[in-house]
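Here is what TrEMBL says about this protein:
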| type | residues | note |
| --- | --- | --- |
| DOMAIN | 94-165 | domain 'Cation-transporting P-type ATPase N-terminal' |
| TRANSMEM | 140-161 | transmembrane segment |
| TRANSMEM | 173-192 | transmembrane segment |
| TRANSMEM | 327-351 | transmembrane segment |
| TRANSMEM | 381-407 | transmembrane segment |
| TRANSMEM | 800-820 | transmembrane segment |
| TRANSMEM | 872-893 | transmembrane segment |
| TRANSMEM | 949-969 | transmembrane segment |
| TRANSMEM | 981-999 | transmembrane segment |
Amino acid sequence: PEQAALVLNASRRFRYTLDLKKEEEKEIIRRTIRSHAQVIRAVFLFKEAGENDPREAYTGIKFTTASRGFPIEMEKLKTLNRDHDSVLLQEIRGVKGLSDLLKSNLDRGINPTEDELLQRRDVFGANTYPRKKRKSILRFVFDACKDLTLIILMVAAAISLTLGMATEGVKEGWYEGGSIFLAVFLVILVTATSDYRQSLQFQHLNEEKQNIQVEVLRGGKRFRTSIFDLVVGDVVPLNIGDQVPADGILISGHSLAIDESSMTGESKTVHKDQKAPFLMSGCKVADGYGSMLVTGVGINTEWGQLMANLSEDNGEETPLQVRLNGVATFIGMVGLSVAGVVLGVLAIRYFTGHTKNPDGTVQFRAGTTGLKQGFMGAIRILTIAVTIVVVAVPEGLPLAVTLTLAYSMRKMMLDKALVRRLSSCETMGSATTICSDKTGTLTLNKMTVVEAHFIGTRLDPCDDVRAISSSSAALLIEGIAQNTTGTVFLPEDGGAADVTGSPTEKAILSWGLKIGMDFNDVRSKSSVLHVFPFNSEKKRGGVAVQSDTGVHIHWKGAAELVLSSCKSWLSLDGSVQPMGAQKRNEYKKSIEDMAKSSLRCVAFAYCQCDIEKIPKEDIADWKLPEEDLTLLGIVGIKDPCRPGVRSAVQLCKNAGVKVRMVTGDNIETAKAIALECGILDANGVISEPFVIEGKAFREMSEIARGEIADKITVMGRSSPNDKLLLVQALKRKGHVVAVTGDGTNDAPALHEADIGLAMGMSGTEVAKESSDIIILDDDFTSVVKVVRWGRSVYANIQKFIQFQLTVNVAALVINVIAAVSSGDVPLNAVELLWVNLIMDTLGALALATEPPTDNLMKRQPVGRREPLVTNIMWRNLFVQAIYQIAILLIFNFSGKKILRLQNESPDNAEKMKNTFIFNTFVFCQIFNEFNARKPEERNVFKGVTKNHLFMGIVCVTTVFQILIVEFLGKFFKIVRLNWSLWLVSVAIGVVSWPLAYLGKFIPVPVRPLQAYFKPCWKSSRRDEEEGRQG
C-alpha cells in the first residue's frame, strides 16, 4: 500500500499519516543542500585561513576579533593561566609566539610609554584586586553602643525623661534625662570617631605592606616599580626570595625552583623549566633565577581571586593590650563593688528618710511621698551608681594602646620603618640585644672595586690590565659577564652604561666595563649550559658555559673559600702554574691585608671540562666541578660605613642594648668594620669568644654555645643557620633579641627572634614575610629609631595609666564618702560622664601621642615581667589623689562656709558648692595631665609646646569646661560661678604642679609595690590548699 495509517487504539487515531516515499525524497534533497553548504563554507574558511595567521585553525583564537588591538582573546589567556594548558601553549609556538600575540619582546619587554601601559590595563586589567568594603562609621557607632554601662545609662535616662516630663511637664522635665542622653551620645560619637580613624590608619599601613617593589624590563632597561603597576606582556626577572608578582610563563631560567605552598598547600618546591613553564602569582622563588612573561594580572589570577575574598585582619591583640585588659577588668570589678555599696547606702538612706534636700526637708516619707516622685528618686540613685561604674571602668586603657600604636606606626613610617606586626612595637622597647647584618645595614651598600690581584701581582690602578695577556683577560671577562645575575644596559644614544643587580654584582660588572668588557658581545659568544646560583651556605656561585674554545666552569665567591679549592693559578703569560704553599700564602696574605682595610674580598676561578662529562639528560641535576680550580684573581670591594652608625651604636650602648654584628664576610673584614662602627672597642679584647667564626660556633655543643653567646660581639663567615643558633642561645639566656636579615635563608632567624627586622631595599620577599618590621632604607640608624619608638609606646601607656588611675581613685573616693555620709554625691551623672570623656578618650589622645624623647635612650630596657605601674607612678598617683580627695571633701562638707555662701538660698548655695567642686575637679585633671607627661622628670613642661595635639586637647577641654559652667547649667544641674570662684578653682588646680615637683623628691623602694603583696597572696593560697587537703 502507498500509505500507512498508524493506529494506537480504536478510539484514538493519529491525524497525521506518513507518506514514506515523499519523506525519503525530501531527506535526500536536504543532505545535498547541506553538503554543498559545507563545501562552500570550507572554501571560505580555507581562503580566510590563507589570509590570516594559521594558529587560528589550531587554537580557535579569532585574531581579527581578539582583545582590542591584541591578537589573542582574553578568555583564551585566562584558560592558559588557569588550566596550565601546555597543548594550547605549543599551538601558539610557545612563549615566543605568546609574546608576539601580546606585542611584547622577550629581550626588551614592552614599550614603557604611558599610553601603552594604559591600553594594556584597559584590555587585560590592572594588577590589583577589589578590596572588601571597610566598616562604615555607623558600624563603629553601633559597636560603641554595645557597652553595657552605657546601655544601662540610656535605659535610666529614658525612664528619667519619661517620668520628668510626666511630673514637671515637657518644658522643664526633659533636662535631666535629656542631658544624660546627650552626654552618652557624645561619649559614643567620640569613641566611634576615634576607632574609625584608627581603622583607616591600619588599612593604609596594610596597603603599604602589600605594595611590593618588583624589577621589570621595559624598553630594554631594567628598573624597579610597584607590583600594582605590572601589566600583561611585561618581562619580569626573578631571583631567589622574590614573590612571583603575577601569573606568567617562564622565558628562561637556571635551577629555578618555586615554592607553591601558598597556592597548592603542598610544601615541596617545584622546579620550573620549558616542560613546566607556568608560574602562579603569590608563590615564592625558592632557588635559582630566571625571567617570566606576564600573562595574567589582578583578579584574573587565582591569587587575585583569593586575596579579593580575604579581608586583612586588624584584630591582632598585642601583649600590652592583653595585660591592660586584665588591669581594666580588675579596676572595673573594684568600681562595680564600690557602685554596689553606694547604691545600697543611698537606697537605704533614701527609703528610710535620711536623705534631705538642701533646704533641710526629707526627700522621701513613707506613705506621703507619691509613687512617681519615689520612683524618680530611685532612678536618680541608680543613675549615680551606674555613672560611678562608667568612671571606674577604664575603657580608655585598651583605647590608649590602640591610639599610641597607630600614632607610633604612622610616625615610624616617616622614620623609614614599616610595622607588619603590632606587637613588635611594644617588644622593641624591651630589646636587650640587636644582631645586625653588616652589608647594607651598617655599611652604605654602595660598592666599588678598589683593589685587584691578578697574575700573581697587584694591579695599580686596579683597572689597569695591560700587563695581563689577552687570553687571560678574555677568560676573566667571560667569567664576569656570564657568572652574574646582573645586567648592563647600553643606551642607544651612547650615554653611560646602566648596571643593575645586587651591589656586589654592580661593583664587579662596573669594574669589568673598565677593563674592557663588552657585556652583550661576550654573552653572545658563549652559551650557558648550567648554573649553580650563589648560595649563602657555600658562599659561592658557578656557571658552565660553552664557546668555540670548549666548556669552562667559572666560579666566583668568598676569596679564602674559593682559594682553598684552587690547585693552580694563571701566570703573566697565560700559562697555568701549580699552586705551591708559598703562592697560596701570598694570596692569603693579600686577602688578610684587604680584609683589614675593611674590603670585601671576592675571588674568580675556573676549570675546563670535557664535553663528554656533561650529562645529556637531567642537566639540572648536574653538580658543577668545584675542586682542582685555577685561580684567575681576587678583587677587594670597598663598602663604606653609613654616616651616623657609630653614634647610633653608642646610643644603643647607653640604652643598655648590645649590638652584635653577624656577617657572612671574612672575619678580618668584619673586625675592621666593627671597629669603625664602634661595635668593637679598639682597647678591648678582639679575639675569641668576642670575635668568632660561624663554623667554630656551629661545631660547639648547645651548652657551650649558651655559655659564650653573651660574649659574642662579632661573628664572621656565618651562615643563616649560625645566626639562628645564636638567636636561640641568646633567647635561652633571657635576652629579648632583635635580628636584621635580608636573604631568604635569614627567614628562620627572623621568625625565631623576638623582633625580626627585614631590609626593605635589599631584602627578599621571603625575608620580609618572616619579619615583624621592615626597615625601608636598610639603615642601622633606623633600627635604633625603632627602639626609641618601642620604648615610647610603653612610656606613653604608663603616662596614661598614671593619669587615669589618679582620676579613678579621686572620683570614687569622693563620691563614696559623700554618699555614705550625706546620702548625696557632689558629682552627678552628667558631670561624671564629662570627666569620663576627658580622662578616657581625650586623655588617651593627648598622652598616647607624646613623641619619644632622648631620655628614653638613657634607661635600661624594660623587662618582660616588670609591672606596668612602677613605684614612681604609685608615688605620683598617691600624691595627686590624696591632694584632690582632701581638698574636694573639705569643700563638700564645709564649702558653704569657706566660699561664704551663707547669704544664698539653701538650694542655690548647694548648687554653687557642687558646681565649684565639679569645676575644681576638672581643672585638677587638666593640670595633672601636664604632670603625667613626665612621670620621672621634675620639669614637666619640657617640649610641651612641640606637641600640638596635647596643647590642642588641653585648650579644647578648658573651653568646653567654661561653656558647660557658664551656658549649659540646666543640662548639668549647675549654676554660673563668679570670677573669684573661677580663680580659686584654677588656683587649686595649679597647686598640683608644685606638688608634683616636690613629690618627686620622695624616695621610692626598688622592689615593686606589687611584690610586697605576693607573699601574703601565696601564703593565703597555700592555707586554702592545705585546708582542702585536710
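Cβ coordinates come from backbone N, Cα and C, glycine included.
TrEMBL: automatically predicted annotations, no manual curation.
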Return yes if the transmembrane segment (872-893) and the transmembrane segment (981-999) have at least 3 CB pairs under 8 Å (sequence gap of 6 or more), otherwise no.
yes
Let's see if you can do this one: DSSP helix, strand and coil counts over the domain 'Cation-transporting P-type ATPase N-terminal' (94-165), in that order.
46 helix, 1 strand, 25 coil
Outside the transmembrane segment (949-969), six or more residues from its ends: residues with CB under 8 Å to it:
834, 838, 842, 845-847, 849-850, 915, 919, 922-923, 926, 929-930, 933, 975-977
Intrachain neighbours beyond the transmembrane segment (981-999), with Cβ under 8 angstroms and 6 or more residues off its ends:
875-876, 879-880, 883-884, 887, 899, 912, 916, 919-920, 923-924, 926-928, 930-931, 938, 940
I'm checking region-level scores; what's the whole-number mean pLDDT for the domain 'Cation-transporting P-type ATPase N-terminal' (94-165)?
84
